[in-house]
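Each remark here refers to the structure printed beneath this line.
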Amino acid sequence: MLPPQLCWLPLLAALLPPVPAQKFSALTFLRVDQDKDRDCSLDCPSSPQKPLCASDGRTFLSRCEFQRAKCKDPQLEIAHRGNCKDVSRCVAERKYTQEQARKEFQQVFIPECNDDGTYSQVQCHSYTGYCWCVTPNGRPISGTAVAHKTPRCPGSINEKVPQREGAGKADDAAAPALETQPQGDEEDIASRYPTLWTEQVKSRQNKTNKNSASSCDQEHQSALEEAKQPKNDNVVIPECAHGGLYKPVQCHPSTGYCWCVLVDTGRPIPGTSTRYEQPKCDNTARAHPAKARDLYKNRPLQGCPGAKKHEFLTSVLDALSTDMVHAVSDPSSSSGRLSEPDPSHTLEERVVHWYFKLLDKNSSGDIGKKEIKPFKRFLRKKSKPKKCVKKFVEYCDMNNDKSITVQELMGCLGVTREEGKANTRKRHTPRGNAESSSSNRQPRKQG
């Protein structure tokens, strides 16, 4: 976790131009990973209380706490024993980042300090041309970032920031959006700032025809074109999944930073950035969850077009419904245990949730490679036409991450909702199911 004095780094790491790959060789990552295994999990409460002042101006209560922080920032060093001077915070960060600029990040942000050691009210990043207002302890103030000009800073941190001239125009999409006094642990502040890629995506999407759906593939191509232009070395090129979605984890290879994004828009999720390791991301996080119902509508299932796909989905839901009814009716069946059903769910929705819980042995929220095997056997045994079985699991895996979520399973089986009602139609009643007489449905015809 980055020290609080360096709360600019995640924002500015993405503003930096890519540096040669050899800066972060396999040996570098290996060394950092080994350090993490050894130091990052240290339990420090029982360590002797001997304060240390670090090179970034931060005071650590023990050597153990310092080592735990150093595993996240290998360049961190001990400046001297004892507490750091409060007024030297900005000065220490300035000295520290200047050293970083010489060693590793040539375009790292270097703060400006007042004579008393506090942060200057206006801070600028010379390479990108952006300036913004900060509080006396260096935190950015929301809505103050401007390009190639001096921002109008509020008289106090509680004063409402005046909106800058031209706000709301198209060129605002390129300005970094900074947090207003983030709450919580100061050490977590570093992970809350959007990356330059946020603004690149926003800017490119604004240029996309409003009548056409933007996709990661389009953004990827646009970024490649931008990267070819002069002085565009800082362009971040997104990684794409199947179907025009973004991969849930995006990284800036030259700096080692990674963060989670919304898979449908590519927007970074605040509080998720990490360095030298991949964050744990939600593979289904979306800005517009309601649109997920349309993802499978025109998605082709190889070897199973049109009416055949509809017949196949109906046979799968019929078989699953029958299995659930039999399992619930059999007192000796452990698979028949159902949690309290949602009264708004239709039979098909209950069936999918029941079967998903049955497959998700480790309760991880997705069905992995090993957990999916019973589903494949079920499809081969109880569904028809058989030609539709071969590629069905891949068809369900919308983001191509080798696992299936309950939303993906519902979507690929055609069990979706529209305007608060399940988008299903009347179908065959499973034997032995009294409840289904009032809930007989058929999946939406796809393809």
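Glycine is no exception: its Cβ is also placed from the backbone N, Cα and C atoms.
Note: E371 (Ca(2+) 1 binding site) has non-local neighbours L359, D360, K361, N362, i.e. same-chain residues 6+ apart with C-beta under 8 A of its own C-beta. The Ca(2+) 1 binding site annotation in Swiss-Prot covers D360, N362, S364, D366, E371 and is backed by sequence analysis.
Sequence-distant contacts of D397 (Ca(2+) 2 binding site), defined by Cβ-Cβ distance under 8 angstroms and a gap of at least six in the same chain, are H242, S403, I404, E408. Under the heading Ca(2+) 2 binding site, Swiss-Prot lists D397, N399, D401, S403, E408.
Per Swiss-Prot, the feature compositional bias 'Polar residues' maps to 206-216.
Feature annotation from Swiss-Prot assigns disulfide bond to C40-C71 (among others). A 10 Å cutoff on Cβ-Cβ distances gives C71 (disulfide bond) a total of 21 other Cβ atoms nearby, all chains included.
Taken from Swiss-Prot, the feature disulfide bond covers C44-C64 (among others), and the record attributes it to sequence analysis. DSSP assigns C44 (disulfide bond) to coil in the three-state reduction, outside any helix or strand.
In the structure as shown, the Cβ atom of C84 (disulfide bond) sits within 10 Å of 21 other Cβ atoms. Taken from Swiss-Prot, the feature disulfide bond applies to C53-C84 (among others).
Residues or ranges marked as disulfide bond by Swiss-Prot: C90-C113 (among others). Mapped onto three states, the DSSP output places C90 (disulfide bond) in helix. Cβ neighbour count for C90 (disulfide bond): 24 (other Cβ atoms within 10 Å of its Cβ, all protein chains included).
Taken from Swiss-Prot, the feature disulfide bond covers C124-C131 (among others). Secondary structure at C131 (disulfide bond), taken from DSSP and collapsed to helix, strand or coil, is strand.
Residues annotated as disulfide bond in Swiss-Prot: C133-C153 (among others). C153 (disulfide bond) has a Cβ environment of 19 other Cβ atoms inside 10 Å.
According to Swiss-Prot, the feature disulfide bond maps to C216-C240 (among others), an assignment based on similarity to another entry. Within 10 Å of the C-beta atom of C216 (disulfide bond) sit 24 other C-beta atoms, taking all shown protein chains into account.
What Swiss-Prot lists as disulfide bond is C251-C258 (among others). Residues near C251 (disulfide bond) in space but far in sequence (CB under 8 A, at least 6 apart, same chain), listed by position: E239, Y257, C258, W259, Q278.
Residues or ranges marked as disulfide bond in Swiss-Prot: C260-C281 (among others). Around C260 (disulfide bond), the same-chain residues six or more apart in sequence whose CB sits under 8 Å from its CB are P248, V249, Q250, P268, I269, T272, P279, C281, D282, A285, listed in sequence order. DSSP classifies C260 (disulfide bond) as strand under the three-state reduction.
If you look up Swiss-Prot, you'll see 87-153 marked as domain 'Thyroglobulin type-1 1'.
Per Swiss-Prot, domain 'Thyroglobulin type-1 2' is recorded for 213-281.
Sequence annotations record features per position, and here Swiss-Prot assigns domain 'EF-hand 2' to 384-419 based on sequence analysis. For the domain 'EF-hand 2' (384-419), the model's average pLDDT works out to 85.
Spatially, by CA atoms, the binding-site residues S364, D366, N399, D401 include one closest to C240 (disulfide bond), and that is N399. Of the candidate binding-site residues, S364, D366, N399, D401, the one lying closest to C216 (disulfide bond) when CA atoms are compared is N399. Broken down by DSSP into helix, strand and coil, the domain 'EF-hand 2' (384-419) contains 15 helix, 4 strand, 17 coil. Within 10 Å of the Cα of C133 (disulfide bond), the following disulfide-bonded residues from the list C71, C84, C124 place their own Cα: C124.
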